[in-house]
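Chemist: First, the structure itself, so that you have it in front of you.
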Amino acid sequence: MIGNFSCETDEIKRIVLNFALQVQKKFPSNFQKNKKRIIVIAGPTCCGKSALALNLAQTMDGEIISADSMQVYRGMDIGTAKATKEERLFVPHHLIDIRDIQESFNVVDFYYEARQACQKILDQGNVPIIAGGSGFYLHALLYGPPSGPPSVPEVRKSFEDEIERLGSEILYERLSQLDPQYAKTITKNDKQKIVRALEIMMLTNKKVSKLSWKGRRKPQNYDFRCWFLHRPKEKLYERIDKRCDKMLEEGFMDEVRHLDSLGIRGNSSASQAIGYRQALNFLKTEQTASQYQEFIRSFKQATRHYAKRQFTWFRKEPLFRWLDVDMHDPEVVFDMILKDYELL
């Protein structure tokens, strides 16, 4: 197990201390001794977050909280690279398989359920380890949920009907005109966020970019020890392509067909998830060999684009220390995070 590795070099200690001091200067209150520590492992898809979180949890009596917006859904297993049942036997996992595919789950749900899980784990004397790549969800966990108004079903339904009738690109263009700053943070295919943004602006007469996180740039309650794992783009993209191929070999299309029979298309969030959206579109075609190859191409391309957006998002997150996992051995990465956690 990597956790038995000991790396007591002065260089590792120096790097860890330097990382900690950088964050402490920006957020001195985050390092108050009376605050309980929580490890956060983020990064783009295919960078090794899950393996590292498992290793840390096995070593330090940790429990893992998923920060993946789709792993909450039962049945979305292969396409979300969900922890296996065997892995969940060794280490307790939270916020996995907690919703049926027909149910909704949003950032506010995540905030309250993740905070509840953190406190429960701490009360048991264990270490919460949050792992995932959803920047929006992690931002909410660190600073508090978005301050937008509660959803109004009638208003939301009108926008959902309109986006189905006109297409997401038309409503995305409308959003870009009303709030170009927020529009740049999402894609034209993200129907759920487009609809929610338009709903918020109709209800508040304010731009989402001016509303969502105003006045909440201070970490809440806990001492979050945040890390962003990354690799050089070329190597990351190569790993992404291989993972997509592996998912298909493991039966991803059968998984999507089953979810389709359960009504995934009625879930505007789950049906737009990377891989699932492309697979559902393919299932509506004649499913020829050339159309299948086009599906694979779009699946890989969408995953690479998502990884790029993850880099963009986390560059704006001051609490996260970046670690090039291609530059450092896994043992060194593990030891750095462990020593940082032990640093008071």
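Quick reminder: no glycine exception, Cβ is built from N, Cα and C everywhere.
For reference, Swiss-Prot lists these features for the protein:
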{"type": "BINDING", "residues": "Gly43, Pro44, Thr45, Cys46, Cys47, Gly48, Lys49, Ser50", "note": "ATP binding site"}
{"type": "BINDING", "residues": "Thr45, Cys46, Cys47, Gly48, Lys49, Ser50", "note": "substrate binding site"}
{"type": "REGION", "residues": "68-71", "note": "region 'Interaction with substrate tRNA'"}
{"type": "SITE", "residues": "Ser134", "note": "site 'Interaction with substrate tRNA'"}
{"type": "SITE", "residues": "Arg156", "note": "site 'Interaction with substrate tRNA'"}
Chemist: Between Ser134 (site 'Interaction with substrate tRNA') and Gly43 (ATP binding site), how many Å separate their Cα atoms?
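Modeler: Spelling it out, the Cα of Ser134 (site 'Interaction with substrate tRNA') and the Cα of Gly43 (ATP binding site) are 9 Å apart.
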Chemist: Same chain, outside the region 'Interaction with substrate tRNA' (68-71) by at least 6, Cβ under 8 Å from its Cβ: which residues?
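Modeler: For the region 'Interaction with substrate tRNA' (68-71), the list is 79-80, 82, 95-97, 105, 110, 132-134, 136-137, 269-270, 273, 276.
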Chemist: Do you know offhand how many angstrom separate Cys46 (ATP binding site) and Arg156 (site 'Interaction with substrate tRNA') by C-alpha?
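Modeler: Rounded to the nearest whole number, the Cα-Cα distance is 34 Å.
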Chemist: Give the residue from the binding-site residues Cys46, Cys47 that has the most other Cβ atoms within 10 Å of its Cβ, counting over every protein chain displayed.
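Modeler: Counting Cβ neighbours within 10 Å, the top one is Cys47.
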Chemist: Other than Thr45, Cys46, Cys47, Gly48, Lys49, Ser50 themselves, what residues in this chain have Cβ atoms within 8 Å of the centroid of the substrate site's Cβ atoms?
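Modeler: The answer, listed by sequence position, is Gly43, Pro44, Ala51, Ala81, Gly133, Leu229.
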Chemist: Quick one: give me the count of other CB atoms within 10 A of the CB of Pro44 (ATP binding site).
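Modeler: So the Cβ neighbour count for Pro44 (ATP binding site) comes to 25.
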Chemist: With every protein chain in view, how many other Cβ atoms are within 10 Å of the Cβ of Arg156 (site 'Interaction with substrate tRNA')?
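Modeler: Within a 10 Å radius of the Cβ of Arg156 (site 'Interaction with substrate tRNA') lie 17 other Cβ atoms.
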Chemist: Rank the binding-site residues Gly43, Gly48 by how many other Cβ atoms lie within 10 Å of each Cβ and give me the one with the fewest.
Modeler: Gly48
Chemist: Taking the centroid of the Cβ atoms of Gly43, Pro44, Thr45, Cys46, Cys47, Gly48, Lys49, Ser50 as the ATP site, which other residues of that chain lie with their Cβ within 8 Å of it, listed in sequence order?
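Modeler: Neighbours found: Gly133, Leu229.
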Chemist: If you run the three-state DSSP split on Pro44 (ATP binding site), which class comes out?
Modeler: coil
Chemist: Tell me the Cα distance separating Arg156 (site 'Interaction with substrate tRNA') from Gly48 (ATP binding site), rounded to the nearest angstrom.
Modeler: 37
Chemist: By the DSSP assignment reduced to helix, strand and coil, which category contains Ser50 (ATP binding site)?
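Modeler: It is helical.
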